[in-house]
Amino acid sequence: SKDGVILSVNDEINGDRKKYEIINKYDLMVKTVAEQDSGKYLCQNFDQLVSMNILLTILTRPSKPDIQQANKSLIENHSGKFFCITQGGNPPPTFTWLINQIKINESFYNVRNDARQSYSELNLLMGKRFHNGLLTCHVENQALDKPLITTYTLNIEYKPEVRLRHGQTIVSNSNLLVVEDDHMTLQCEAESNPPILKPVAWLKNSVSLPDINSSSFTLSNIKRNDDGAYTCLASNVIGHDQSSVHIRVQYSPMVHLNGSGLINENEKLTLTCHVDAYPSIDYYQWYKNHQKLNTSSLTSSIVIEKVSKEDSGIYICMVKNTLKYSNGSSIEKYNKTQTRVTVNYAPKVRTFDSIVAVDLLTTNVKFQCEIDSYPESIVTWRFNNNNVIFNSNKYSIVQNKSLSYLTIQQIESNTDYGLYSCNATNKLGYNSATIQLRSKAVPESPTDLNVTNVHYSAISLKWKPGFDGGWPQSFWISLDNSIWKETNQTFYTFTSELLLS
């Protein structure tokens, strides 16, 4: 019997004779076994004293599986649902899922079995990396020598992924150094599924550039106002993406000096070299009247706490920065500017003679003074610090730049002897120098007699002459009041020959 249904008695078949046959008197043969032949078979004698149970399981192969996609479309970052379906199979088959030959964890799928078919449901988050990948379903049971396999190509839709390329280099989300007056091209690459809806859009500092409608963007003859953030934007039905690069325009220094012009003596002078440059300056050098000043290469300002007339002149600030090209080369760029500093200072008056001696009736007696001042001074001559002298038949005054000349046409009487002063005045102050005019007389004694050298064979002397009284003078030198020598110089040397003579 099978599952309680009698199939035969002795050697007589009660059931389907095409299906069953008794052989060897008591053996039951099942012809052309099928899955429904599985069951519990019982063989027993009539008195039921002897019996034998046989549990028969028929192993059947499942059909080749079929993968079905439940979603209308697969979208990046959304869950995708798939079914792997197979018909029949005893025992019920097991399922294994793989993606790109990598086994998927069993927690992502479940299995359902019934009498007619079995299936496995897979729920998996879709990633762009799975696009065009192979989803594989393996079905196995004991009736199979090897798994039944089917594959399914994934078509995952994803928004564009945008990146910017400069030459062979990806420059997205970075700074790109370019050089003024050079040129450069950006290439916008947009990878998406499905394709982008329209040409990419370009923006500069978040403002649309409507005249550019291709994936290539070129800047020719780059200027510093081209500096900024450039963005490429692409979109499709799934979404949009963008990529930006900050173009930094390098340019040579533009230099401006301030703090120049007129300044009064003893005031504070500050000269500052203002520079517009990118990259920043790596070298400063200062010059005065084309002579290099001893300043640090990082000094952008010069400060003189109290200026003097010696600080007047032309000051030059020279700067340097270094521009770098995308090919790795670099170039040093120099620029300079200059300014004139003029120091206002009070006059300084100098005469060439402090005493002049002449006889009465001497003609064309000329006095000379030199005036150093800025701005130019007003010069006057006075006699005995009171009377201002003007051009007349007696006096002639000539001004030649920094020199002033007073000429007395003739010394007519003793009243012409006295003090003649040269006076200079400007907005910073006043100064004067005096010349004494007197009659000729004996010379004044020398002063400051000094021994300048003592040697075993010589003695050297030097002195300061006094006023010559208006006549050429000579000097007499004696040694122990025994040796007298005359000279018109202000120095003399006694040699051994003289000492021994």
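Even glycines carry a Cβ here, placed using N, Cα and C.
Quantities reported herein were computed from a predicted structural model and do not represent experimental measurements.
Helix, strand and coil residue tallies for the domain 'Ig-like' (65-155), in that order: 6 helix, 51 strand, 34 coil [DSSP]. Per TrEMBL, the feature domain 'Ig-like' maps to 65-155 (among others).
Annotation comment: TrEMBL describes 160-250 (among others) as domain 'Ig-like'. Confidence over the domain 'Ig-like' (160-250), given as mean pLDDT on the 0 to 100 scale, stands at 95.
Taken from TrEMBL, the feature domain 'Ig-like' covers 253-337 (among others).
If you look up TrEMBL, you'll see 347-436 (among others) marked as domain 'Ig-like'.
Break the domain 'Ig-like' (253-337) down by DSSP state and the numbers are 3 helix, 52 strand, 30 coil. Secondary structure of the domain 'Ig-like' (160-250) per DSSP (helix as H, G, I; strand as E, B; remaining residues coil): 3 helix, 53 strand, 35 coil.
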